[in-house]
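Report on the structure given below.
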Ligand SMILES: O=C(O)CCC(=O)C(=O)O
Ligand SMILES: [Fe+2]
């Protein structure tokens, strides 16, 4: 039995096919304005295997300068596209948090991409959860404790699944071990899209 760490909630099939298709359309619009870029690990400059972009007031970027949130695209310098209303609604329904998300990180995984175990901790507000949406091919998602090297559990995430890392699970280590190619017909060219909605600043400080 896969027992998820406390505070980690997996909501299988939270979005139906129509909702998933609508989101893919919104994401394509975002990518048309804010092209995918290749993030790099800060110290080594080594590229991550995902390509990414953002929407919302703030976007997460990674390069030789570090990991950070910024209001503009690292290549074009333009403001990020607006957060689609579908995602604002989803946040309202599943986050249990009053203030809206400020950032939506869009990760594109090719068949061979993965993401190493990490914590999401570049936000000032850990009271708000991180809400993640899976679209396209299945993946093997691993989630564990708040310490590196702790016990981990693996679950398969499918298109339309939502995961909420909140409360005690907010700083859980997590990552993507692999993509299962050709397991979904949602994305014409295959692969997986993951959206993570985050509150970056504390509401009282804005
Ligand atoms: O792709 C996923 O399911 C997780 C993505 C993630 O952990 C992140 O972008 O911080
Ligand atoms: Fe993460």
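Just so it is clear, glycine is given a Cβ too, placed from its N, Cα and C backbone atoms.
Fe cation binds 118, 120 as TrEMBL records it, and from the list 10, 174 the residue named for this site is 174. Summary of the site annotation: TrEMBL records substrate binding at 67, 68, 69, 122, 148. Screening the candidates 60, 80 against this entry identifies 60 as the one listed for that site. Counting every protein chain shown, the Cβ of residue 174 (Fe cation binding site) has 23 other Cβ atoms within 10 Å.
In this structure the alpha carbons, written CA, of residue 69 (substrate binding site) and residue 193 (2-oxoglutarate binding site) are 20 Å apart.
Calculated from their C-alpha atoms, the gap between residue 109 (2-oxoglutarate binding site) and residue 148 (substrate binding site) amounts to 24 Å.
Taking the Cβ of residue 197 (2-oxoglutarate binding site) as centre and 10 Å as the limit, one finds 27 other Cβ atoms among all the protein chains shown.
Model confidence over the domain 'Fe2OG dioxygenase' (100-201) stands at 97, taken as the mean pLDDT rounded to a whole number.
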